[in-house]
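Everything on this sheet refers to the single structure shown next.
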Amino acid sequence: MRADWSEGATKKKQVGIWDMTMLSKITNDAINDNLKQRFHNGDIYTYISNVLISVNPFKDLGIYTPQVLKSYENKNRMELPPHVYAVAEGAFRNMIAYNESQCVIISGESGAGKTEAAKKIMEYIAAVSSGSSSSIVEIKEMVLATNPLLESFGCAKTLRNNNSSRHGKYLEIQFNAGGEPVGAVITNYLLEKGRVVGQIRNERNFHIFYQFAKAASQKYRDSYGISGPESYLYTSAAGCLDVPNIDDVKDYADTLKAMDVIGITATEQDEIHRMLATILWLGNVQFVENNEGNSEVKDADVTNFIAYMLEVAPEMVNKALVSRTMETSRGGRRGSVYEVPLNLAQAQSTRDGLAKAIYDRLFDWIVARVNKAMQARAEAKHAIGVLDIYGFEIFEQNSFEQLCINYVNEKLQQIFIELTLKSEQEEYVRERIKWEPIDYFNNKVVCDLIEAKRPPGVFAAMNDACATAHADPKAADQSLSQRLGACSHSKHFELYDGNFTVKHYAGDVTYAIPGMTDKNKDQLLRDHLELCKSSGSQFLQGLFPEDLAQDSKKRPPTASDRIKQSANELVAKLMQSQPSYIRTIKPNENKSPSEFHDQRVLHQVKYLGLCENIRVRRAGFAYRQTFDKFVERFYLLSARTSYAGDFIWTGDSKSACVQILKDTDIASDGWQMGTTKVFIRQPEIIWGLESQRERYWHNMAHRIQAAWRRHMAFKNRKAATIQRAWRSKRQAFELVKFREKGDELLGGKKERRTFSICSLRVFNGDYLGVNSRGKQTRGHLVREAAGIGSEPALFSSRIETLVPRAMRSAIPMPRQLVVTRDHICIVEERVVEGLLQHMLSSKAPVSSVRDLAMSPYQDGWTVVHLESQPDLVINCEFKTELLTWLHSLSQGRIRMQVNSTITYNNKNMKQTQLKFVKNEGAKRTSFVKKTVQICSGLPAGTRSKTARDRPRGNAGGAPRQQQQQQRVQPAGAATRVNGNNAHGYPQQQQQQQWSQPVAAPRPGDGGGAQGGAAAVSGGRPPMPPAPPPPPAAAPQHPRHKALFDFADTNGGMLSLEAGRIYTILERNDTGWWLGSFNGAEGWVPSNYLSPEPEPEERARQSPAAPVLPRPPAMRNGSAARNGSGGAAAANEERNSMAQLAAALTSRSPNGGTPHQSANAPPRPAVNRYAQEDSDEEEAWE
Ligand SMILES: Nc1ncnc2c1ncn2[C@@H]1O[C@H](COP(=O)(O)OP(=O)(O)O)[C@@H](O)[C@H]1O
Ligand SMILES: [Mg+2]
């Protein structure tokens, strides 16, 4: 992968070589020159392969912005300029990729930039690690808050560094399996507690004392007696109260905020401050010598205040400061206990000892409290540890603290050597890899010189000296001088008068012997322990958990024992993790951003062993991994080892590695196989493999996403189909119920027409399209003429009314009937001078309708009896529906009278009679001289057939999907619903009795269904077919030619005509395919079809027989259908009818339900059935 500088952290040009494994000459000078060049250009970071060299810039370079941080995310090391973020990124990604804990080891001199680097790493990991749950965010915030908190308590201004860490710290961020931080733990190493009681000139105590003294709240000032740092000897004696670039007041606010973030309670904070104040006051305890030469407290007020703060008796404080309890021992048995008065120096040392002990314990308490707060919230799988330890130190006067600090630095150098130089080369030997051996200085001899037991090292000598001369520090120092003589065998050790020099890897350091044994002994005085144990403060007692009754004969561990133990534990811990290294370099001693002191840097370059580091890297291999792990990670990259994401290799892991490397075209000199590991020479190779792997997953993810999207689209489509079907079914169901209500109202008193009981007949209502939106439609003209404004038409239909003639009897004439919620209107249509005109014939309020009178026969004549106005005598094909609407609108008031002679008020309000006679010879209804003749219809009481009356299965065994398909079928025949006949009238609606077989269609007779209908309706010629729909778009579906005729006898199928081309929308292996012709859809038998290679133009084909989709299957058992239901059921029924009417009434003709066209009915699902019904015609005279 190529570096993308445009989005990189910096757009400025890099100078020098940023990975020094590429240096042309490997010498200390060349390294120094390269670092210098880069330092002056503001490029403080440089690699030696995976080791980051960082030179302290001593100025803000603006390279830690969130944008820069983001730019390193998911980038490999070579993609962007060297940066501490790249190291953090590498550690974080490696942890996730290889399931291994990581550690970042930061080493370098004091003030070289270790602590800053550690903070940047934590910031980076907190920023890029996933997880936004509150507990994860909390952990991240806490981890970041530990920095200001522990810096305040654990850092101090030294001559070397204004923010020098005076303790070592290993912070491990714990992650769950998903790479989310779930907890953290800090291990604390040897706080330099001596700093609490005294510092060399121009150094300071720990920051917290200055922060507290300068910025304490009034509450603390009053209750803990706090004033400025100049008031206390512990903070003022070294003559440095302020530090440039350190704002103690602001830092104090940060410290308090950090305490809050970590969850340190207000009470706990009070206790912490109480301890700090006690320490400050302890420093102000002065002693005077009495006549016996023993010390006495100069000012009892101070000790009394300290007693108050410690919640102990003042005498106890006094006693603990000016005397020491001694115990004689005889022959290993306890002797008598007595008190020894202390001289001035001893009393001061005792006072300081108490202050140091309290601070040391307080610091440990804070670390433990922080750890408690950061305890893992979930199971931790891995960790990233960041080691920030005090740096190598050389002062003019070096003491026990420097020895410990430098010893820990030796140990870290050891790890570095172990892992990067020694073990690397040993591994090559072990794995039988060809390489070039490199010489380097192994500092193990120095580590041994300090820590070995046999021959005794420096620490052992100190411990021996403590043991033999425990009572007198001076005698102990002398004893130490003698014992150190045993170390002189080492060429890294020299003993002078009162001093000894250790030749450390980082330089020679001379340590002063005086005071060393005492510092090493580091024993908590029994008097101090007793004092604190006697406190009324639970907090103070908790700081000293030791048991007073413990066996005092056993030598407690010395400070060197403790540092040795924790250093070795640290090494063991670091060795278990995958290390990354940051080696910090200090360019000058003056904290100057421009000074690059060649000799100082050269010295560091030498002792850090950078040359050797580069040589080993060059000779060796950048990457190694066990065969198993390598295969586990990269098996996807070879088709021989993986198939569809599965591991398919049957051989061993080693051969799988070889296969993968070959299949990924890695040059053979780029890798070697060891005995257990594969070695890859350049890091670029491994990055190449990683990016191939990434691509694989990317492609996979892409495929999965595509499949998922397809699946979701399919699901949504199906869901929409089901929803549509359900809506249509529900709507249809209501309308079917409405129709059944009509059956009920007839009450078995009137013979039925076959059309009336047709299973697909539903009460559609607005047959004239009065509710249609179009302005020029007939429906609209009727509406205008009826003068109903925007009132929705609930029912509209063509009718006949009896029109009186002069001197002659009235005759039926065509009219339009419109029923709204309030009115019943009759509109006349006339052609006047070639123009169609509509005019209102009559209009009556619905409220004036008394009842409807009908004959007991199948005719459509109905007399609408009106209050005090001429009755309406109409012949309406949908009289049952009209009755049902009026019944519903009048809340059940309007009912039907049945009589073979009906009396009505004519236009002149004269009572007139209309007679009805049966005439079986009359094929159609005839009207002669106010007598209607009609043949017998279906028996009275015949109930309407609905879909639910039809068998659920179908004779042809059409597949189940058929129903769904039918419901989504486009309303292909819709254009014919209100299509005009030759006279400009809407076509008469045809009907088909579904239960009767339909004759097979003959070519040219307009389709099977029409032919069938003609047979049923008594030989009337079929109506001309509707105009063909516009030519369809180029077919996307296969087209098949019908080999034979096939008639739809069962509904839902598409009739076939031999020789016609049909589009097949869906094929399956049930034997029934979904076919389409001229917009009509239906199931067709697949064995009647043969594939059609050449598409033909649809437009040329004659229109297909209309397909009558089957309505959705209905559930049986409606109370409405059950005419014998009780009063409650009837009421319920009435209500539901009223609701339906209200629902329909509330629809605005111009809004609400979408209208497809002038002819298209307002409710598609319902109209489909209406259209289907009206495809056929029943004529009458
Ligand atoms: N990357 C950096 N950018 C800017 N200033 C830095 C950087 N690293 C260190 N410093 C400066 O150097 C000082 C000492 O750094 P620090 O990390 O405390 O040293 P160490 O921990 O190694 O003793 C810091 O207080 C800061 O002023
Ligand atoms: Mg530091």
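Each residue, glycine too, has its Cβ placed from N, Cα and C.
Because the structure is a prediction, the values reported are computed rather than measured.
What TrEMBL says about this one:
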type: BINDING; residues: Gly108, Glu109, Ser110, Gly111, Ala112, Gly113, Lys114, Thr115; note: ATP binding site
type: REGION; residues: 567-589; note: region 'Actin-binding'
type: DOMAIN; residues: 750-940; note: domain 'TH1'
type: COMPBIAS; residues: 957-974; note: compositional bias 'Low complexity'
type: COMPBIAS; residues: 987-1003; note: compositional bias 'Low complexity'
type: COMPBIAS; residues: 1021-1033; note: compositional bias 'Pro residues'
type: DOMAIN; residues: 1035-1094; note: domain 'SH3'
type: COMPBIAS; residues: 1115-1130; note: compositional bias 'Low complexity'
type: COMPBIAS; residues: 1145-1159; note: compositional bias 'Polar residues'
type: COMPBIAS; residues: 1172-1181; note: compositional bias 'Acidic residues'
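All protein chains shown were included, and the count of other CB atoms within 10 Å of the CB of Thr115 (ATP binding site) stands at 26. Only Thr115, of the binding-site residues Glu109, Ser110, Gly111, Ala112, Thr115, place a Cβ under 6 Å from an atom of ligand 2. Within 8 Å of the centroid of the Cβ atoms of Gly108, Glu109, Ser110, Gly111, Ala112, Gly113, Lys114, Thr115, where the record puts ATP, the same chain has further Cβ atoms from Asn56, Asn161, Gly391, Thr584, Lys586. Around the Cβ of Gly108 (ATP binding site), the same chain contributes Ser54, Lys114, Gly391, Phe392, Ile582, Arg583, Thr584, Ile585, Lys586, Gln604, Leu608, each under 8 angstroms and 6 or more positions distant in sequence. In the three-state DSSP scheme, Ala112 (ATP binding site) falls into the coil class. Other Cβ atoms within 10 Å of the Cβ of Ala112 (ATP binding site) number 25 in total over all chains. Around the Cβ of Glu109 (ATP binding site), the same chain contributes Arg160, Gly391, Phe392, Glu393, Ala506, Thr584, Ile585, Lys586, Gln604, each under 8 angstroms and 6 or more positions distant in sequence. Around the Cβ of Lys114 (ATP binding site), 27 further Cβ atoms fall within 10 Å across all displayed protein chains. Helix first, then strand, then coil: DSSP counts for the domain 'SH3' (1035-1094) stand at 3 helix, 28 strand, 29 coil.
For the region 'Actin-binding' (567-589), the predicted model reports an average pLDDT of 91. Counting every protein chain shown, the Cβ of Gly111 (ATP binding site) has 24 other Cβ atoms within 10 Å. Secondary structure of the region 'Actin-binding' (567-589), assigned with DSSP and counted as helix (H, G, I), strand (E, B) and coil, comes to 9 helix, 8 strand, 6 coil.
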